[in-house]
Amino acid sequence: MTSVAAQELSSAVIEDPATSCLPQELQPHQSPSDTATVTASQTQDDRPSSSVFSRNEEAPVHNVPMRVIQRPLPSELDENKVLTFMEEMKRGDSFTPIEIIKVKSALKVNPTGPKEAFYFAMGGCHRFEATKRLGWETIRARIIEVPAKQMRVYLGAGSPF
């Protein structure tokens, strides 16, 4: 992520800095009216145990900017489900947060360069698509930090790190 993208990200994410897994430079200035973040302390128990999708349900929920999320696998969407989700979201219904996989690594084209943050969504395709079509800038998500080596298994040759 470039420093320009990092600066843009800081203005779009609502986090509690004490529990956020986003870097300090990406933390926004939160106003007292912001109540979109669920807080809980993160510990080693919040990390994946058997797969990248294992997660402690008490992990904090973040509002993650849609523009930073990569979807490396094509989605198989049920159009009616997406449309239903869109209507329910417009009504204000609350949905289960999607899971975002965060990887910090140097790019493979510059392995000695600085580490960059990558955000991947592997599931939640209908919630993601409904949010995207509604033009919403953020989506509720739990962030799972995963080592680059583990994520390369899923991404294969297309991995940027």
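Sequential numbering from 1, following the chain as shown.
Positions of Cβ are set from backbone N, Cα and C atoms, glycine also.
The region 'Disordered' annotation in TrEMBL covers 1-61. Per TrEMBL, the feature compositional bias 'Polar residues' maps to 1-10, 27-54. The annotation domain 'ParB-like N-terminal' is assigned in TrEMBL to 61-154.
Here the domain 'ParB-like N-terminal' (61-154) is broken down by DSSP into helix, strand and coil counts: 32 helix, 29 strand, 33 coil. For the domain 'ParB-like N-terminal' (61-154), the model's pLDDT averages out at 94.
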